[in-house]
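According to Swiss-Prot, the protein carries these features:
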type	residues	note
COMPBIAS	523-534	compositional bias 'Polar residues'
COMPBIAS	690-723	compositional bias 'Polar residues'
CARBOHYD	Asn287	N-linked glycosylation site
INTRAMEM	369-380	intramembrane segment
INTRAMEM	381-388	intramembrane segment
MOTIF	381-386	motif 'Selectivity filter'
MOTIF	605-611	motif 'FFAT'
TOPO_DOM	213-232	topological domain 'Extracellular'
TOPO_DOM	285-296	topological domain 'Extracellular'
TOPO_DOM	356-368	topological domain 'Extracellular'
TOPO_DOM	389-395	topological domain 'Extracellular'
TRANSMEM	191-212	transmembrane segment
TRANSMEM	233-254	transmembrane segment
TRANSMEM	266-284	transmembrane segment
TRANSMEM	297-317	transmembrane segment
TRANSMEM	333-355	transmembrane segment
TRANSMEM	396-424	transmembrane segment
Amino acid sequence: MAEKAPPGLNRKTSRSTLSLPPEPVDIIRSKTCSRRVKINVGGLNHEVLWRTLDRLPRTRLGKLRDCNTHESLLEVCDDYNLNENEYFFDRHPGAFTSILNFYRTGKLHMMEEMCALSFGQELDYWGIDEIYLESCCQARYHQKKEQMNEELRREAETMRDGEGEEFDNTCCPEKRKKLWDLLEKPNSSVAAKILAIVSILFIVLSTIALSLNTLPELQENDEFGQPSDNRKLAHVEAVCIAWFTMEYLLRFLSSPNKWKFFKGPLNVIDLLAILPYYVTIFLTESNKSVLQFQNVRRVVQIFRIMRILRILKLARHSTGLQSLGFTLRRSYNELGLLILFLAMGIMIFSSLVFFAEKDEDATKFTSIPASFWWATITMTTVGYGDIYPKTLLGKIVGGLCCIAGVLVIALPIPIIVNNFSEFYKEQKRQEKAIKRREALERAKRNGSIVSMNLKDAFARSMELIDVAVEKAGESANIKDSVDDNHLSPSRWKWARKALSETSSNKSYENKYQEVSQKDSHEQLNNTSSSSPQHLSAQKLEMLYNEITKTQTHSHPNPDCQEQPERPSAYEEEIEMEEVVCPQEQLAVAQTEVIVDMKSTSSIDSFTSCATDFTETERSPLPPPSASHLQMKFPTDLPGMDEHQRVRAPPFLTLSRDKGPAAREAALDYAPIDITVNLDAGASHGPLQPDSASDSPKSSLKGSNPLKSRSLKVNFQENRGSAPQTPPSTARPLPVTTADFPLTTPQHMSTILLEESPPPGTETLPGADVSAHCQGPSKGLSPRVPKQKLFPFSSRERRSFTEIDTGEDEDFLDLQRPRPDKQADPSPNCLADKPGEARDPLREEGCVGSSSPQNTDHNCRQDIYQAVGEVKKDSSQEGYKMENHLFAPEIHSNPGDTGYCPTRETSM
């Protein structure tokens, strides 16, 4: 069922970006609640009645009402919003206006400025046939469509001819391609242009030599007394023929398709230009006798005449001549019609003039075939005057023949001229189209233009949809896939990747822009399978012991050695942000700012998250002036046994400006007493000395650090009654133990708190954290080493800001005052024993962070929660836990009764 949009976000957003797929009953209810439906096409909203869409039930909009499941709806529309009863189609909004009017009026018209092909595609998408177009628009639509289809067909043929030049399947493809471009594409290079000019010069020279050979002054008589070619001109012709032969052979050898080369009209002309020369040489050299030569001479003359075809070789280098040839080939219908008209006129008028002039003396119209010449010359309006009619009837027939000739020739000639003009323009357009296509291909190869066809768009949309449904048999991985069952593409900006310990901090800004997820009861009720409350304490202890044992063995002195790189089979990187409170700023200790951020190991529990904090590059909120963060942890207490070593929490050093000078106080806390209660029997096993429990069911109680600190760990293992984790609303910082050489058990703090601890677990009044800045107790001061400081900005942190940098850039600030303990059901780890007075200062609850290893890639739920919403949750009133890291409060002034400023960073 669709979830409610969290506060601070746009509630009018579409369904698919914020919620799970709705149930069919919700879809049916949304359609039946209103007689109208909103259709959003390309951002333009339309409102129409359902019954209007029912007029064409077989169309896309007609099928919309019958789609009652999420999958069927997405097959019809691109997105939908049931709350607004709105369906979105990412199509052309202008064309949809005509289509929607067709539903309303039953008449389909095409807009004047609309492209015919584009409108046809829109009709196909909406499921409307083009035959419904009105007569006023149908002729224009089909004319434009046929014209565009013809142009596209010609362009496709040209591109197909270009793509057919494949040299991969032949030997020396690169060299052959260069040679082919050199001979066939004069514009490909300067050398190709020079070669084309040389070829043109040889054609002109051969034509001139052929013409000069016919001059009697330059001819020579052979041994038989017959005129023959001049020897010098014969040598010139031989050189030209040699050039033509070499050019033809090189074209043939470099051509990608030999059969296509032979069929080419230009190549046929080249062959006819050189073939007569070799045939003439063969015939003259093989027949030396006079009789044989006389018989062969006529054949040789025919081939000598064919030499004139060399002039047609210029068509290879002239676009105009090529256009003329293609025009004649494409205008064969008009040319045939012209010849038919002329033949009919010639036959009619030659017969008439013959019968009109046959009785005259010395007439030249002796027969009808003899009159064909006169009729042809007359109809073409040439009029040589060698033959003409003399009688009156003959002259009348001649006049009618002239008029008929003008009409017959004038009709088909303009069609041929138009074809030539159109073909010439098309040639220019195709040249530009080829250049544009080549530029687009280069841009696609370079990655500057992405193909946006339907298949690519569908593939990208399918990549975004990743619904993980775990089977019953895959119980081992069910904890990692519970929160994957959603279709929100905006949630998949967070990808799980394993990075080295030396990875750059800048990668966080691009790789992990996690979008905040919504608050839903389903997510809160999934704690039985995905919540870290069901982690076994024994497993966490064993895991942490392995980590700490590896670190202590490899680094006896962690302060002096670097932690070696150890491969992590499973790492997660989580971006954490500092929560900046818009309240008063306090002076801070002058400490060094840590600017290095590392990755977070998923196998580390929150107890081993020793971290540097820096938000100067990552947080969208400007940090307060001179606000620095530094973490330092207490070292081992000398003289303590293994069971007395625990991880003390990092403490705050505050400096608050009360007057002219800032006052700073640093406290050293030394835990000296530990009481461990195991309520779960022997199932958890004994608590290891140097292990920290990651179980959210444990609770460590802090006492007054100035006197003694009593810590209690309670393990209550009950899977059926696991407490649900209320939403925490601060973004975690990227931390990992793999990146810090100081992540030993002495440098880590785990405090797991319960709101209502079991009876008997309350601490003494002295166990509360003191607000007075005193030195350590006298009994402990000689044995407690100097603690490392963890100074924060000294300001009150009674509010937190949830930052969502992934999608909405909305900032939600929740101010929550902390009421008295008796009325506050919020988690608190410090409790007084029954009947004893409480410390007048407020205690700051600290809670455990869920272990990253138990969560999947989108497990971090940034849940928006209004003020007091936790109190209203009846299912969690009795037993609530909150997972976050915190720094306990330390009041710098004994007289201050205000709340201790804390800095919370929740995971």
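Glycine is no exception: its Cβ is also placed from the backbone N, Cα and C atoms.
Within its own chain, the transmembrane segment (266-284) is flanked in space by residues 237, 241, 244-245, 247-248, 251, 293, 296, 299-300, 303-304, 306-307, 309-310, 312-313, 315-316, which lie at least six positions past its ends and keep a Cβ under 8 Å from the stretch. The average pLDDT computed over the topological domain 'Extracellular' (389-395) stands at 92. Below 8 angstroms of C-beta separation, residues 350, 374, 387, 389-391, 393-394, 397 of the same chain, each at least six residues beyond the ends of the topological domain 'Extracellular' (356-368), sit close to that stretch.
The DSSP breakdown of the topological domain 'Extracellular' (389-395), given as helix, strand and coil counts, is 4 helix, 0 strand, 3 coil. DSSP states for the topological domain 'Extracellular' (356-368), grouped as helix (H, G, I), strand (E, B) and coil, give 3 helix, 0 strand, 10 coil. In the motif 'Selectivity filter' (381-386), the DSSP tally of helix, strand and coil residues is 0 helix, 0 strand, 6 coil.
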